[in-house]
Amino acid sequence: MAQIDGLPPLREVIAAHKLSAKKSLGQNFLLDLNLTARIARVPGDLSGADVLEVGPGPGGLTRGLLAEGARKVLAIEKDARCLPALQQIAAAYPGRLEVIEGDALEVDATAYLSPPIHIAANLPYNVGTELLVRWLTPPDWPPFWRTLTLMFQREVAERIVAKPGSKAYGRLAILAQWRAEAEIALTLPPQAFIPAPKVHSAVVHLRARTEPRYPADAAVLSRVVATAFNQRRKMLRASLKGLTPGIEDHLAAVGIDPTRRAETLSLEEFCALARQIAAG
């Protein structure tokens, strides 16, 4: 890719700008441009689409997304040290890369982007889950994004695609599979990163559904699921006791045995319970 976009290899970029990954920001830099190109291809055809990228760092994935033909990339970066490297990419792709210095949790990205919108990111580990839940629980169908292509620790990725009854099954699996079709697209070893994390990483691809698999209010479903799995080893009548008065009556109304545990409930059952609670 260095030959394609005329930009130097990422190791040279990092050396030139004296960049080092900050543990406090959850940073791990992915330097192999062949890998970032593979990740950039996961969403599919990006021509005519805008892409939101969170935590671009020195810009490896950014370069991949632009090379894949993204109409525009909005890169939100909290670390000011990375901005000169990103501006260097912006100069190579005039009018197609906009960089915002800030916290992705506080920036309304939709104000800067036009549909269709994809999200792709090597997410900072310390905010990745919070951002994902936010993207999975807007009130609107379909959501503002078409696909999410996100890198996480492999353990988190496995939680997103987990099935009922497994140890990994929980809030992320239910919200992700309610909102989207989710799959692990590829797995990356620790040595692909600088510094090398202690665990493998994985890229998760989520394709937004145009309507929910089962009707439910996003906020209510999120609250029910979070409460149920906060004490996942307890029976539902105990784990959900503080959620709303008369929880056993609500469970009975939708045919769920109150002695079951959260990890045994299907997505359909959680949605039925959320509808029942919302109806009062």
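Backbone N, Cα and C atoms are what each Cβ position is placed from, and that goes for glycine too.
Here's what Swiss-Prot has on this protein:
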- Asn28, Leu30, Gly55, Glu77, Asp103, Asn122: S-adenosyl-L-methionine binding site (BINDING)
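Shown on the structure are the features that Swiss-Prot records.
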{"residue": "Asn28", "record": "S-adenosyl-L-methionine binding site", "DSSP (3 states)": "coil"}
{"residue": "Gly55", "record": "S-adenosyl-L-methionine binding site", "DSSP (3 states)": "coil"}
{"residue": "Glu77", "record": "S-adenosyl-L-methionine binding site", "DSSP (3 states)": "strand"}
{"residue": "Asp103", "record": "S-adenosyl-L-methionine binding site", "DSSP (3 states)": "coil"}
{"residue": "Asn122", "record": "S-adenosyl-L-methionine binding site", "DSSP (3 states)": "strand"}
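If you draw a 10 Å sphere around the CB of Asn28 (S-adenosyl-L-methionine binding site), it holds 22 other CB atoms from the protein chains shown.
In this record, S-adenosyl-L-methionine is bound by Asn28, Leu30, Gly55, Glu77, Asp103, Asn122; the longest C-alpha to C-alpha distance in that set is 20 Å. Summary: among the binding-site residues (Glu77, Asp103), the fewest other C-beta atoms within 10 A of the C-beta are counted at Asp103.
Its Cβ placed at the centre, Leu30 (S-adenosyl-L-methionine binding site) has 21 other Cβ atoms within 10 Å.
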